[in-house]
Amino acid sequence: MAIRYVRKIGDEVLRKKAKPVTEINSHILTILEDMAQTMYLNDGVGLAANQIGVLRRLVVIDVGEGLLELINPEIVYEEGEQVGAEGCLSIPGVVGEVKRPKKVKVKYLDREGKEREIEGEDLLARALCHEIDHLNGVLFIDKAIRFLDEEEKEQVKYFGNMSRGW
């Protein structure tokens, strides 16, 4: 396992669409492990493979309920609406309000290659959408309704809504 460099805004890899994983092998599993370690070291909520320069459809997420590893994730259902603050490990210091579905269902493969589904609401739904957007070359700043100023960012941190980055 290794800590990977998190690519920052301006790096063209963040704007590229990731390719599906066709074979789950030791290389893919190592990337997932590196992604999780990198996410935790950076105090993140999620990380997409694009963010470490790997153009494969891989995502790791932990909203405080344990690590999720998703291979080839795809949103198959969404409902409702929520607006909330988002940041990104690839765009340090920027926080914006983004409209997302309140609830999503995502189909994906686990590390054994079994097809799974996960339903997420609130923060998990937001994180799933945010990371899957990354896989499609879309950043939260593309969808932000508005950006928070420094005082607002401090208030959001104080109330615990942004205690961890994306």
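Each Cβ is built from the backbone N, Cα and C atoms, and glycine gets one as well.
According to Swiss-Prot, the Fe cation binding site annotation covers Cys88, His130, His134. Positions annotated as active site by Swiss-Prot, on the basis of sequence analysis: Glu131.
Over all protein chains present, the Cβ of Glu131 (active site) has 26 other Cβ atoms lying within 10 Å. Counting every protein chain shown, the number of other Cβ atoms lying within 10 Å of the Cβ of His130 (Fe cation binding site) is 24.
Using a 10 Å radius centred on the Cβ of Cys88 (Fe cation binding site) and all shown protein chains, the other Cβ atoms total 28. Non-local contacts of His134 (Fe cation binding site) by the CB criterion (under 8 A, 6+ apart in sequence, same chain) comprise Leu14, Ala18, Ala48, Asn50, Gln51, Val59.
The residue listed as 'active site' and Cys88 (Fe cation binding site) have their C-alpha atoms 10 Å apart, to the nearest angstrom.
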